[in-house]
Structures are given as C-alpha cells and as structure tokens.
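So the structure is just underneath, and the comments pick up after that.
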C-alpha cells in the first residue's frame, strides 16, 4: 500500500507536525498549548505545521466549534502551511485502505452480535481475564460481506510495542494488552484511531505532539502503521494542565477558552508566553518573544510533570506586554474592546495615546477600555464615593476659577492646562489636590485618571468646560 499525499511532500522538509483538534467545543488552553508546542517545534526546525480537524464524531462535532478553533488559532497567530483538512471529507480514502487491509489479511470482518460480545466480556471478567475480543470471526466464511458487521484490525499477538517518547522516554506495551481494534463501524464509518493513522501517513507527519491522554492510543496506531508499511512518527505526550488547586483544569477555575482570554482583555503574546512556560523553560527566563521561543524550543526540554495554571502570573505577563509592546500594536487589540463595550471612539484621542496614558495603570485591555470611556462619551452621574470626598461646597470656587482660566487658553496642551491648575491653586492659596481632585471628578466622573494635564488634553477643551460647569451645578444643587 502507498500513501496518498494531500500536498507536495517536500523531501527537504525534515520536520512536519500537526495540530488535530476535535470540533466538539472551543479551543481550550490545553489544546492551545499543544498547538503552540507543535508549531514551535516545526518552526525551530524550519519545518511545516499542518492543521487537521478530527470531526469523525458526527453527533458532537459542530461548525460553530470548528469556527471557534480557527478563530482561536488565528488570534494566537499560529499559522499553518497546510490545511485545515477535515476527516469527514476523507472517508473514501480511509475505506479504500481498510478494504485493501481486508484483502491482505491485515484486517477482518466481525459479525458478532452485541449479546455475544457482552457474554464474552462477562465470562472473561468472571475468570479474572482481561476483556478482549476472541477472534471468533477471524477466517469467517459463513457470512456475506453484505450482512451487518464491523471491521477489526488484526493486532499482533506476540511481542511488544516499544517507542521512544520525546518527552517521557522509552515506553513499552505488550501486544497481549491490546485488542483487535474496530477500525470500521457497522454503519461503514471509519473510527478515530484508524483515521489518525492514515492522515499522519498521507500528510507525512514526522512528529506527533499531543496530550498524555493519548498514550494508550499510540501502540495501537503504531501497529497499524507497521501493518501499512508506513514510517512511524516520533511521539511526544505532554502532561495535563491543572488548576491552582491541583485538580484538572476546568470551567470552575475560570476562563479555559482561548477566546475568553481575548474577551477578558489579554494580549495573544501574553497568553503564548504563559502557555509555553507551562511545562517548558529555559533557565530562569520568564519573558519570551515568539522569536525567542522558536529559537530555543525543544521537545526534550518539556517537563513530564503536570503544570498548574496561575491566573495571577498570566495577569502579570499581560501587564508587561501592555507596557512593552508598541502602543500602535496594543491599540489595534484595544479597539476590539471598545467595540465590544459599545464605546464609539470616533470623537476622542487616538487609541495609541490611550495606551500610552493607561499602560501603567491597567493590567487588561478590557479594564483599559472601561477606564477610558470618559475620553469618548459624556456621563450622566458621578462616582458616589468621589462625590462624597471631593464635591463639597468648598470645591465650587476652585472649579469656577480653573474653568475661567481654562476658558481663556489659546492653546490646549500639557503645559498650558497644567499652568492653569497651578495658578488656580496659587491664587486661592490651596494645595494642588484641592483643585486637581474636584477637577478630576468633574471631567472623568470618578476619582481616578492619569495626570490632570494629560486627562484634559485627551478629553479636549469644549468637553472639559461643559463638564466642569455640570459639576458646579451638581454641587450647588446638592447644597441648596
């Protein structure tokens, strides 16, 4: 039998990896880390990365889940050279290989009823034997191929499957532990373990990076590959990700979908940096650009131990990237959050200026968008705590005075606005806070913002003056 290449298998490419999610849900952080490791290994070796959608579970696979996976991969910027390929579109190919295997005696039809199989299992369990098929139908000539049947792979009965896992080292499993795997169901559809084998063969996959939950599938898949005369890829099984409580990561630990992190205001660079460190490291280094990851990543450096997810560490990394990446780049991601929060940014400062103003204060872009709403939209109310603290009757005079000085300004910049506040404080013999804090609440609606000169320039002159007058009227109305 021969492989049927889906694309040009360049002989110069020595490493070809794949990410093969099942579209039964969103792209979760465990899957994203597997994709990242697979992608990095291919890039490190100037190889190719293939995306394959394993949608053989027809009942649970959905187009929405496929779209969510593709969206997550695109957001993380994990680009693929080939794909996405869908297993459901390759059933003819799988069945062609199965038919050839039957002809060559590598597989056989099994006509056993559910009742017979249940009786067999019960008998084996009573005799304290490992449940396995007894090859009752091997060499069966009594039944017609038209009768309902499954197809089983004729697994070797002697010897062992031995493979060198790139992460875990030598793994050996006795063939006596393995059953004659069903490779085609009664309805004619090929099974997961078989489709994976044919795909890896046809796609020339050299390295399979996947979760440790697949270790039990590997010896079965290796035996099928050997039967086909196909090359055996190198396997690397990475450990699971745990929550900070030591339990398997799940929804109760917070966001587990990649796109949920986007929605919560994280940058893809932060999530990638965090995920690569969940099981891999290079000395004590914490911050890795994608270029550094590609240069340094090796599967042999991946830990065998499970890693615990720490949201605080991810938040720290996110704040680092908000501060350190170019403001123009961060602003492109920030724009999505304004749109998501229904904030019209057409009338206000440039988004990259918002990033420069708030990068030190805000740890997420979601927080940054919410904290800068007042630059683009007027507000109907003031923060209650800020009103109680700063909107006393004594605030009316400095607000009126600073409004007068700001109104008279010919140029609206950092120097002139700061001077107006400073002069107001000096003339009224007040500390800067007695002028600046009521002014801050007046123009932002809250007691927190960047420095007042930066804030005023961002809001603009016309809006600033209207808001100060609104605050003066509000204080007077509260103290009638």
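Keep in mind that glycine also has a Cβ here, set from the backbone N, Cα and C atoms.
Annotated ATP binding site per Swiss-Prot: 251, in sequence order. What Swiss-Prot records for 122-146 is compositional bias 'Basic and acidic residues'. Residues or ranges marked as region 'Disordered' by Swiss-Prot: 122-149. According to Swiss-Prot, the feature motif ''HIGH' region' maps to 21-31, an assignment based on sequence analysis. The motif ''KMSKS' region' annotation in Swiss-Prot covers 248-252.
DSSP assignment over the region 'Disordered' (122-149) gives 5 helix, 0 strand, 23 coil.
Helix first, then strand, then coil: DSSP counts for the motif ''HIGH' region' (21-31) stand at 3 helix, 1 strand, 7 coil.
Looking only at the motif ''HIGH' region' (21-31), the predicted model's pLDDT averages out at 93.
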